[in-house]
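Notes to accompany the following structure.
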Amino acid sequence: MAHAVRALWPHGRALAWRLGDRPALGLHAQSRAGFTGAAGGSGPAATARKGGPRLLGAAALALGGALGLYHTARWHLRAQDLRAERSATQLSLSSRLQLTLYQYKTCPFCSKVRAFLDFHALPYQVVEVNPVRRAEIKFSSYRKVPIVMAQEGESLQQLNDSSVIISALKTYLVSGQPLADIITYYPPMKAVNDQGKEVTEFCNKYWLMLDEKEAQRMYGGKEARTEEMKWRQWADDWLVHLISPNVYRTPAEALASFDYIVKEGNFGTVEGAMAKYMGAAAMYFISKRLKRRHHLRDDVREDLYEAANKWVAAVGKDRPFMGGQKPNLADLAVYGVLRVMEGLEAFDDLMRHTHIQPWYLRVEKAIAEAPQ
């Protein structure tokens, strides 16, 4: 049960997000203690203590980089062939896909994927995974959610990791490449994280596999593309780690959070009752440990407010979204992460004490008005 309830909102083990503390494409989540990164960034002392795992991680990262270069080069060759094969009378790409999303509704990574699918009007079925038994994903050796099963004609593909799912599907929508080919550009690799545990990471996860013309048409320039990637990674590496310490900040907030989780999740009657009270108590104490791990302030609301205002400043006053006149993948990622707090005290405080509400409501409206 403890493992199940800890999977419902993110913490250090909720997803194999990254290898070590890779810098967020130029955007660092710098703490007051001088640590960089989101999940327990590595200071000098930590580096000395964890030299073995970090060396293994560095070696795996180097291998992953070589893999990424190989797959990127292979993509360029394949893209040339695909452009020659593509028909001017190509069927609507979205209508060729049948998608099934395996999720926990209250998971911010799953919420990110839903925001993407809804904004792009991609029809999909939802399977709510029981967080205790997880029988719904027993078919998969990859045991985290979200998982998307994508049927394209006779081809059935499994997509893992929220950012890979989004990047692969967006590449598909823009380029028309077969999804079976696209997913090979995001190869998984095993690595050892700072806690000495083996994790799965994916190469190129924030990169869309587009040719120059497609990239120019979508972004208009390299700066917009880099900005989108940077803030998508920031959402995964920093923003998401502020959720649990804030929604479980006090015993009352922890109980309210688990009341919401039980109502929205796929629990049995007994499991739900146990999760509500035992889970709330467990996560209240775990949230304190997460606060220390991520070097948050005593009042974790301050970190949440700071992150929200930092995002709003990055969007700026001259455009409604980071994507300009419509949300881009960074807008959808940040929105998806924050949305899981709706209905909770932390969300109300966030809307009241930061400048994020106008942007948040614009994204909400853009998703609601997406053509069906």
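The backbone N, Cα and C atoms fix where each Cβ goes, and this holds for glycine too.
Swiss-Prot has this to say about the protein:
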| type | residues | note |
| --- | --- | --- |
| BINDING | Val145, Asp161, Ser162 | glutathione binding site |
| DOMAIN | 259-372 | domain 'GST C-terminal' |
| MOD_RES | Ser92 | phosphoserine |
| TOPO_DOM | 72-372 | topological domain 'Cytoplasmic' |
| TRANSMEM | 55-71 | transmembrane segment |
* Three states by DSSP: which one describes Ser162 (glutathione binding site)? -> helix
* Within 10 Å of each Cβ, count the other Cβ atoms and name the one among the binding-site residues Val145, Asp161, Ser162 with the highest count. => Ser162
* **Residue distribution over DSSP helix, strand and coil in the domain 'GST C-terminal' (259-372)** => 79 helix, 2 strand, 33 coil
* Summarise the model's confidence over the domain 'GST C-terminal' (259-372) as a mean pLDDT value. => 93
* Asked: What's the longest C-alpha separation between any two of Val145, Asp161, Ser162, the listed glutathione-binding residues, in angstrom?
  -> 8
